[in-house]
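Comments concern the structure below.
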Amino acid sequence: MAFPLQESKLPILPFSVLIIISILGRSLHASDPPLTLDHYAPTCPSVFEIVKKEMECEVRSDPRNAALIVRLHFHDCFVQGCDGSVLLDDTITLQGEKKASASINSLGGFQIIDRIKNKVESECPGIVSCADILTIAARDAVLLVGGPYWDVPVGRKDSKTASLELAESNIPTADESLLSIINKFLYQGLSVTDLVALSGAHTIGTARCASFRARIYRDFGTTSDRSPVSETHLNSLKSTCPATGGGDNNISAMDYVTPNVFDNSFYHLLLKGDGLLNSDQELYSSMLGLETKNLVVKYAHDQVAFFQQFSYSMVKMGNITNPDSFVNGEIRTDCRFVNA
């Protein structure tokens, strides 16, 4: 397998480096964020119901919207913490994160957050942050397609800044090695267990041909169990994503079995060697991924365990803080722009 062989050239040293980075990552986010479950109880008690109703409409109109919001939340939290920075448009004085290579062709759902924000503002003007709206919406998105429920701590403020540079460096990519992705999660204070559980969000959503072309024309045949179903699926992928001649923006479901249902089917596909993205399949197939492989097996055989860990890991990720936003942040009236 090309990917593991490439990784196997790495010395043992990165593991010790990762441990150091893990400690540093935890220190970056060591203080408990000032978030509570009842932050809006006295000022905007209807916010959770408003977000829920709007997300119900959005997911009912297109189940794929659920994955868009979860992905948007992930990208937000991995750059400056969960501060709504990913929602900012470029201006003369601010360069946003939307044009980062990992975001420009993969992020969507901005209009959904805009619509929810407008509803919340009409009910509770100047009270609820865009960062909180996105975090609540991500929970509701998962729930609406069959996933688990979790309580969402709130009280975030919106950042007045964004970082294209951090978006380029912090967001894992589809062709990244397992060790590199683990590194990025540890830096955020997230464990290997969090990585495997949060990757389970790929049980919903789609990926662009440009993200999986190398996988289907190189490693897929090596990892797949080559069952008739797998062979049929691979042929379908190749028709969607030609080896040459364009088609970069053609899409395919990351979980071709139950693409619009949040379940543990994603892990079953990894066991079969049918993961669409190299970065996903490496969780099970990498020679350096003993811990990740064991977790993939666990979640494939126990959906309850997956749901429990996913809920815990989503709260943990949502608690990644931007300390500056709590001091200098604001409640944006328009999620796309810093207040005038």
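Cβ atoms are placed via backbone N, Cα and C, with glycine included.
Residues or ranges marked as signal peptide in TrEMBL: 1-30.
Sequence annotations record features per position, and here TrEMBL assigns domain 'Plant heme peroxidase family profile' to 34-339.
According to TrEMBL, the disulfide bond annotation covers CYS44-CYS124 (among others).
Positions annotated as disulfide bond by TrEMBL: CYS77-CYS82 (among others). Within 10 Å of the C-beta atom of CYS82 (disulfide bond) sit 29 other C-beta atoms, taking all shown protein chains into account.
Positions annotated as disulfide bond by TrEMBL: CYS130-CYS335 (among others). Counting every protein chain shown, the number of other Cβ atoms lying within 10 Å of the Cβ of CYS130 (disulfide bond) is 30.
The substrate binding site feature in TrEMBL is assigned to PRO172. In sequence order, ALA102, SER180, ILE181, LYS184, PHE185, SER279 make up the list of same-chain residues 6 or more apart from PRO172 (substrate binding site) whose Cβ falls under 8 Å from its Cβ.
Taken from TrEMBL, the feature heme b binding site covers HIS202. For HIS202 (heme b binding site), other Cβ atoms within 10 Å of its Cβ number 24.
CYS241 (disulfide bond) counts 23 other C-beta atoms within 10 Å of its own C-beta, drawing on all protein chains shown. Residues or ranges marked as disulfide bond in TrEMBL: CYS209-CYS241 (among others).
Rounded to a whole value, the Cα-Cα separation of CYS82 (disulfide bond) and HIS202 (heme b binding site) is 20 Å.
A separation of roughly 24 Å, to the nearest angstrom, links the Cα atoms of CYS77 (disulfide bond) and CYS44 (disulfide bond). Taking the Cα atom of each, CYS241 (disulfide bond) and HIS202 (heme b binding site) are about 19 angstrom apart. Counting other C-beta atoms within 10 Å of each candidate's C-beta, the disulfide-bonded residues CYS124, CYS335 are led by CYS335. Using Cα positions, the member of the recorded positions CYS44, CYS124, HIS202, CYS209 nearest to CYS335 (disulfide bond) is identified as CYS124. With a cut-off of 8 Å between CB atoms and residues at least 6 apart in sequence, the same chain places THR240, CYS241, GLY247, ASP248, ASN249, ASN250, ILE251, SER252 near CYS209 (disulfide bond), listed in sequence order.
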